[in-house]
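*Asks:* Grabbed the feature section from TrEMBL, which reads as follows:
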BINDING   13, 14, 15, 16, 17, 18, 37, 38, 39, 78, 79, 80, 106  NADP(+) binding site
BINDING   106, 132, 133, 134, 189, 190, 194, 264, 291, 449, 455  substrate binding site
DOMAIN    182-471  domain '6-phosphogluconate dehydrogenase C-terminal'
ACT_SITE  186  active site, proton acceptor
ACT_SITE  193  active site, proton donor
Ligand SMILES: NC(=O)C1=CN([C@@H]2O[C@H](COP(=O)(O)OP(=O)(O)OC[C@H]3O[C@@H](n4cnc5c(N)ncnc54)[C@H](OP(=O)(O)O)[C@@H]3O)[C@@H](O)[C@H]2O)C=CC1
Ligand SMILES: O=C(CO)[C@H](O)[C@H](O)COP(=O)(O)O
C-alpha cells in the first residue's frame with residue numbers, strides 16, 4: 001500500500017453529485033480531498049478541470065485508503081443500490097476499525113439499516129446521510145440528513161456543518177437519528193418534493209388552459225407568487241423553466257419537452273413505506289401516480305378520444321381565478337407537508353428513532369429542493385407543540401387553511417367540470433375534508449367487512465367487539481376481534 005495519508009476526507013463516485021461535493025469539501029479551510037471513481041476518466045477530468053481544489057486522485061481502493069489520514073472518512077456518492085453495495089464491499093477490505101464510511105446517495109433506508117449493521121460488525125462506522133440540493137447544492141451547500149451512530153456524528157458533524165447550506169445563520173444539517181433515520185427523512189423529503197412539483201404543475205396547467213396565458217406570462221405570475229407565502233426554490237425555478245424559449249423552434253421550451261415525467265424511485269419508496277406504516281400520504285401518492293400515468297403513451301393514445309365535458313370552459317375572471325389557484329396551491333402544499341411529517345413520526349416510532357420534527361423543517365430551509373420560507377412556520381409549530389398530532393392543525397396552518405379552503409374548493413370543482421386533471425389538488429382537499437369530518441363512511445366499510453368476512457366491528461355506544469349474524473337471524477353477538 002502506498003504511504004501517502006495526507007487527505008483528511010475522501011469521495012468515491014465523481015458523477016454530478018460526488019464531483020460537486022468533492023469541490024465543496026476542497027473549498028473549505030483545512031480540507032484535503034482524496035477522490036476516486038470506478039472509471040478513471042471521471043477522476044482525471046475532475047482533477048484536470050479543478051486544479052484549484054488540490055485533489056489527491058486515487059485509481060484503486062488500496063491507493064484511496066492509503067491517501068486518507070486515520071481514522072479515515074470517505075463519502076460515497078454512487079448510483080444507489082448495487083453500486084453502493086459494491087463500493088462498501090471494496091472499502092471494508094481496505095479500511096480499518098474506527099474509520100467512517102458515509103453513504104450520501106439516495107439509498108433506501110432499509111438498505112441503510114442492513115448496511116450499518118453489517119459494516120458495524122467489522123468495527124468500521126457506517127453512516128447513511130441523505131443529501132439534497134442537486135448539482136448546485138452539492139457544490140455550494142446542500143441540506144444534509146445524516147443517520148448513524150453518535151460516535152460517528154462527533155467526527156462527522158464538524159465536516160458536514162462546514163459544507164452544508166446555511167439558512168438564517170444555521171447550517172442545514174442535524175444528526176437525524178441512528179442507522180437509517182437520515183435516509184428515511186431524505187426519502188420523505190423527496191416524497192414531499194414530488195407532491196410540491198405536481199401541485200405546481202397542476203397550477204400551471206389550470207392557469208394556462210383556463211386563461212390562455214402564455215408560459216412567459218405564467219412565469220411572471222410564479223415570480224410574483226415567489227414574493228409571498230409560496231416563496232420557495234421550486235416556485236422560483238418554475239418561473240425560470242416557463243420563461244425559457246427553445247433555441248431551435250423559438251417556442252416555449254415547456255412546449256417541446258415530452259410530457260412524460262421520469263422518476264428514480266424515492267417518491268415510490270415514500271408511498272410504499274407509508275402504506276406499510278398505515279399513513280395516508282395521498283397527495284404524495286397522487287404525485288407519484290401522475291408521473292406514472294404521464295409515462296404510459298400507449299394507454300394515453302388509446303384513451304385520447306374518450307369523451308370529456310360537453311361544454312367548453314373559459315374562465316370569466318382570470319385574475320380571480322389565478323388568485324384561487326394560488327390559494328389552492330398553498331392549501332394543498334400544507335397537506336403534503338403535514339402528510340410527510342406524519343410519515344416521519346410513524347417511521348420514528350416504528351424504528352425507534354428520536355427525530356426532532358422542528359429540526360428537520362429547519363434543515364430543509366436551505367440547500368435542498370423543497371427549501372422554502374414556509375418551513376419556518378413548521379419549525380415554529382413544533383416548537384409550540386412538540387406533540388402536535390397533525391401539522392395542519394397548528395394555529396398558523398389552521399388560519400391559512402381557513403382563508404384558502406373556499407378558493408381550493410372552487411378550483412377543484414372547476415378542474416373537474418373542465419376535465420383538467422388535478423389529482424394532487426383534489427386528493428389533498430379530500431384528505432382535508434376526511435380528516436375534519438365528524439363521521440366517515442368507514443362505518444359502512446366495517447359493516448361490509450363484517451358481512452362478507454365476519455371481520456367484526458366496534459360500536460360508538462359501548463365497549464367491545466361485535467359481529468352481526470348476517471347469514472343467520474341477523475342478531476348481534478359480542479365476540480373476539482377478527483384475526484382473519
Ligand atoms: N443527481 C441529483 O440531483 C441527486 C442525486 N442524489 C444521489 O446521489 C448519488 C449520486 O448521484 P449522481 O451524481 O447523479 O450519480 P449517478 O446516480 O448517476 O451514479 C453515477 C456514479 O455511480 C458510480 N457507480 C455506479 N455503479 C457503480 C459500481 N458498481 N461501483 C462503483 N461505482 C459505481 C458511477 O461510476 P462510473 O463513472 O464508473 O460509472 C458514477 O460515479 C445517487 O445515489 C443519487 O441518487 C442525491 C441528491 C440529488
Ligand atoms: O434527491 C434528489 C433531490 O432531492 C434528486 O434530484 C432525485 O433524483 C429526484 O428524484 P427523481 O429523479 O425521482 O425526480
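Note: Cβ is positioned from N, Cα and C throughout, glycine not excepted.
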*Asks:* Select, from 13, 79, 186, each of the recorded positions with a Cβ positioned under 6 A from at least one atom of ligand 2; if none does, say none.
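*Replies:* Result: none.
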*Asks:* To which of the recorded positions 186, 189 does the lowest count of other Cβ atoms within 10 Å belong?
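*Replies:* Relative to the other recorded positions in 186, 189, 189 has the fewest Cβ atoms within 10 Å.
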*Asks:* The record lists 106, 132, 133, 134, 189, 190, 194, 264, 291, 449, 455 as binding substrate. What's the largest Cα to Cα distance among them, in Å, rounded to a whole number?
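*Replies:* In whole numbers, the farthest two Cα atoms are 48 Å apart.
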*Asks:* Find the one among the recorded positions 186, 193, 291 whose C-alpha lies closest to that of residue 17 (NADP(+) binding site).
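*Replies:* Comparing Cα positions, the closest of these recorded positions turns out to be 186.
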*Asks:* How many Å lie between the Cα of residue 37 (NADP(+) binding site) and the Cα of residue 133 (substrate binding site)?
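*Replies:* For residue 37 (NADP(+) binding site) versus residue 133 (substrate binding site), the Cα atoms are 21 Å apart.
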*Asks:* Across all chains shown, how many C-beta atoms besides its own are within 10 angstroms of the C-beta of residue 194 (substrate binding site)?
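*Replies:* There are 27 of them.
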*Asks:* Got a sec? Which of 17, 133, 189, 193, 194, 455, the recorded positions, have CB under 6 Å of any ligand 1 atom?
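*Replies:* Result: 17.
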*Asks:* Please give the greatest C-alpha separation between any two of the NADP(+)-binding residues 13, 14, 15, 16, 17, 18, 37, 38, 39, 78, 79, 80, 106, in angstrom, as a whole number.
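*Replies:* Maximum Cα-Cα distance: 21 Å.
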*Asks:* So for residue 193 (active site, proton donor), how many other CB atoms are inside 10 Å of its CB?
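*Replies:* I count 22 other Cβ atoms within 10 Å of it.
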*Asks:* Restricting the comparison to the recorded positions 15, 39, 193, 291, which residue's C-alpha is spatially nearest the C-alpha of residue 186 (active site, proton acceptor)?
*Replies:* 193
